[in-house]
Amino acid sequence: MKVSYQWLSEYVDLSGITPHELAEKLTRSGIEVDAVESRNAGVSNVVIGYVKERSKHPDADRLNVCIVDVGQEQDLQIVCGAPNVAQGQKVVVALVGAHLPGDLKIKRSKLRGVESQGMICSAKELGLNDKLLAKDQQEGIMVLPEDAEIGMDAVSYLGMDDYVLELGLTPNRSDCLSMLGVAHEVAAIYGKEVMFPAIEIEENGEANPVQVRIDAKEECHQYHGRHFTDAKIASSPQWMKNRLMAAGMRPINNVVDVTNYVLLEYGQPLHAFDASQVADRSIVVRLAHEGEEIVTLDDQNRKLDAQTLLITDPQKGLAIAGVMGGANSEINDDTKEIILEAAWFTPQTVRSTSRKLGMRTEGCVRWEKGVDPLRVKEAGERAAALIQQLSGAKVSRGVATNVVQEGEAAVVSITLEKINQHLGTSLNASEVSPIFDRLQFPYQVEGSKWTVTVPTRRGDITLPEDLVEEVARLYGYDKIPTSLPTGVTTQGQLTADQQLRRTIRRHLIGAGLHEAISYALVSPERVEDVAGLHEGQTNPVALLMPMSEEHSVLRTSLLPSLLSTVAYNKNRQNHDVSIFELGRVFLQRENVLKELPEERVYVGGAMTGQWMPQNWMGAKQPVDFYQLKGVVESLLHALGIQHVTYKAASDLAGMHPGRTAEVWAEENRLGFLGQVHPGTEKAYDLTETYVFQLDLAKLGEAASDVGHYNQLPKFPAVTRDLALVVNRDVSAGMLQATIREAAGELLESLTLFDVYTGERIAQDKKSMAFSLVFRHPERTLQDEEIQQVTTAVIEALKTATGAELRM
Amino acid sequence: MQTRLQEMKESALGQISQVTDSTQLQDLRVKYLGKKGELTELLRGMGSLSPEERPLVGQLVNEVREALEAAFTQKQSALDEAVLHAKLASQTIDVTLPGRPVPTGTMHPLSRIIEEIEDIFIGLGFEIAEGPEVEMDHFNFEMLNLPKNHPARDMQDSFYVTDEILLRTHTSPVQARTMLKKQGDTPVKIICPGKVYRRDDDDATHSHQFTQIEGLVVDKGIGMSDLKGTLLTFAKQMFGPTQQVRLRPSFFPFTEPSAEVDLQCFNCGGDGCRVCKQTGWIEILGSGMVHPRVLEMAGYDPQEVSGFAFGMGVERIAMLKYGVEDIRHFYTNDVRFLRQFNRA
């Protein structure tokens, strides 16, 4: 809502209050003012002039030489290029020394040899928004009405000395979608009176011939029709144009402008029909027939459904109630006879129709939020008075009224105790009553209880808490004291799950990975390309109306997010990327979602490029499988997850079949890690990239805390190194498992310290060297014992894997 | 005899002082103090002395021996030290060369802010509550006093999955869920961080996915002054001990009264600057007293208990705190962006 400061001052005394002070006060008491704008874009020293003579420039076809009376002793000679300049016009003249928007300064000058002592201005040159200009003022110089006073300051005549307060209204304060509503608010803040416009109608016509019938009684609660004859359609006086433009509305003609003016003044949408087009002067308010059509004011043919409320005559539709008038009964330059509608439609009906038709007029905005039902008729009468005043129409006797039901004011009670408890204040009754007085809310008070009759203009107030807010905001939020909740002491803490996430986050950061957070909405093809961790079939959760294909389904795996992030970085020359993300995936088990999808938290990581930054020691370290695996191993270690095994996995979508492992903790499948499949790398335009993905809930199940410590050993350990030669397809995991099994309890630790393939052994073989540390907790081991165990280990290895000792 | 002793001492001390390495020193030691050394030889000659002379000469011999021993020891340390010096000098390295790199990661700026806020409220006795990101319309809107067709639903256009299921548009449904789970128990003291989704075109200041943190306290006798005090405590811890909060009346369907909360601009400290548009204040939170209908629907009697709620956008705080100009940086994860948040 754009509020003209000058216009507002007609309803409430603003003397001594600047527009900016007013804005600050409004904002601090609940009506946020987004901006205060001067209507003057930098205009000074412009006056109203009268074109006494106009002649052609002797040396230029397109220029005119005008003699202009600007109320000074001497007339001015002004050269003007506008084709529409004519003798007898009232125009806006920028005098020598005038400023115009865009840092333009008017000087005495010669145009093709003829002296020009100023400039005749167009509306655009004065900085007026041409989208809001009446049609006759959009082209050429601005021609003013005949009654404009010669020599008068044009800034003031055009209302450019006004300020506009732009309100950012919250949905509950639709009462401030009207000048009078804002006036009420300002009056409450400053403790002033609201001055209502005087309504003077001379019923100088015949009896009102209009009949009103309401068939749709649910949707339309009242309808008042005024009737006019002998109207003269013309353009509105400048003061009305100024106000409409200040409010962001385009002046059209004196009748339509009045309906818009009163819409702004009262917040009551009105509509004027050319009565000669209304059959029998008979208005019927009914629901449309399914498929009924009407051509609206914007010349669009609209097909309606049976929920649409329609204003009709006995033969045809005249207007879509509350949304837009029909073209057939539009006010035009030849209109003489008018029916003015002031009605009340339910917010729901206008809202649903405006949605369905995709039309949201200024009227719709007000209908949707609720119009004050007790001011409908008054607003209509105000408009009738203005129409008579501006168009010279005769007003027929009486109002054609049909009222199904009137609005009822809400009665809400509140106690002082409740107010103080809710606010934490210690107000007394003598501080509260004046607040209701200022709001002009009638009330009865019994002890410390108020029974308040809330005016219908404030439909947002229905509960005691709503009154508490009124008291609070007018008392001043600043004056509310500060305290902390008392009561039972509570212990704030993280849940195990929340703690686990923090531990993982910190560990991976310490391990050199950057935390990333990505969009959960991804493209469907990306989801199909890569593996998740879920078992069984799942469909991605898809949006009904996505904004783009790229963000249309929820991820079922972190891989699309991670790989997109790596790709994004690669496109920006960031080739070395090590990242992780803790985030949710969404699994939809049904074909059509009835229950909420399953949400699981995964932790995933991606690594590519060089692991070590370039350094003077020269050692480059490109990321490989084992670098990534080391990160995962260290994480599992930090979480106390034991008995971890890595199983080669050759069939995970998007993963390299020979370089991927599933991570298991006993029977618990934690996730997977490995190299991204070259095909997928290509799809994302990546170079060699490694990823892991683990299910947080499963990590939580497998995790353990630090338990009892192991006493430090009292007896020495014995170390034996075994270098084994095996076929190339024998895995380290197989050898380790076999060694552990055969060595039994005496084996304290087992470390693989060398892997070799090359010239010194057969081509189809590889060598792996293990260090075995043996210890007995209660005594020193004997050589023979070690020998026995070692022999058993070698035998077992030979049997299980065909391993030979390397000589 | 005494004269010879004296001469030997002089000559030995002279030689010791000339020595330049350990081997020479060792040789000298043997020459004078060894089994066949000069001093030993002299002692052998003691037999020829008179009984009166013997103790005197004996004493003198001991004095000479001690003097020489001391000289040898001293010289040896001096030599050792010189050797060590030379060795250390030869080991000198360029200490200005960079150390071996230890790759370290960084916490995402949004996580930093979330954890910081969580910790402040944990200190105030709050628990952290979480809920689904895909939510029932019922919890996202209806339980929060936003029935179907409520005009305030316009304020947040949503991503629907079915007619009844959508991506949550705020973290408030977690409040409703938590209250329902508590079945009327008091106090409720939670904060709810999480991702939320709205139909916005992504640009420098809008993101279809963003992060909120909401707080809720429900108990007997909670008043708006408690809201103000709690937020002031939070603001001081988060943004510095001189922080102030300012409440302005506002509207949210789930609170009544409602308030926008401004903090003193942490760029200029309240003097007015570009960041705060010269006002000295920055809008950071929405808040209010929990609407009685919200309490009722969640199983609490508004006659018995009251509560306050507040919510803030994590991106907004991060953008203000770190001067980030484009909200998309938080979700595109350029490592040059992430690396800057590197303080432990």
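In case you wondered, yes, glycine gets a Cβ from its N, Cα and C as well.
Keep in mind that TrEMBL annotations are predicted by a computer and have not been checked by a curator.
Here's what TrEMBL has on this protein:
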- A:40-155: domain 'TRNA-binding' (DOMAIN)
- A:407-482: domain 'B5' (DOMAIN)
- A:ASP460, A:ASP466, A:GLU469, A:GLU470: Mg(2+) binding site (BINDING)
- A:713-806: domain 'FDX-ACB' (DOMAIN)
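Computed over the domain 'TRNA-binding' (A:40-155), the whole-number mean pLDDT of the model equals 89. Every protein chain considered, the tally of other Cβ atoms within 10 Å of the Cβ of A:ASP466 (Mg(2+) binding site) stands at 21. Neighbours of A:ASP460 (Mg(2+) binding site), defined as other CB atoms within 10 A of its CB across all chains, total 21.
For the recorded site, A:ASP460 (Mg(2+) binding site), the DSSP three-state label reads coil. Proximity of A:GLU470 (Mg(2+) binding site) to non-local residues of its own chain (separation of 6 or more, Cβ distance below 8 Å) is seen for A:ILE435, A:PHE436, A:LEU439, A:PHE441, A:ILE461, given in sequence order. Broken down with DSSP, the domain 'FDX-ACB' (A:713-806) shows 34 helix, 32 strand, 28 coil.
Secondary structure of the domain 'B5' (A:407-482) per DSSP (helix as H, G, I; strand as E, B; remaining residues coil): 34 helix, 16 strand, 26 coil. Counting every protein chain shown, 28 other Cβ atoms lie within 10 Å of the Cβ of A:GLU469 (Mg(2+) binding site).
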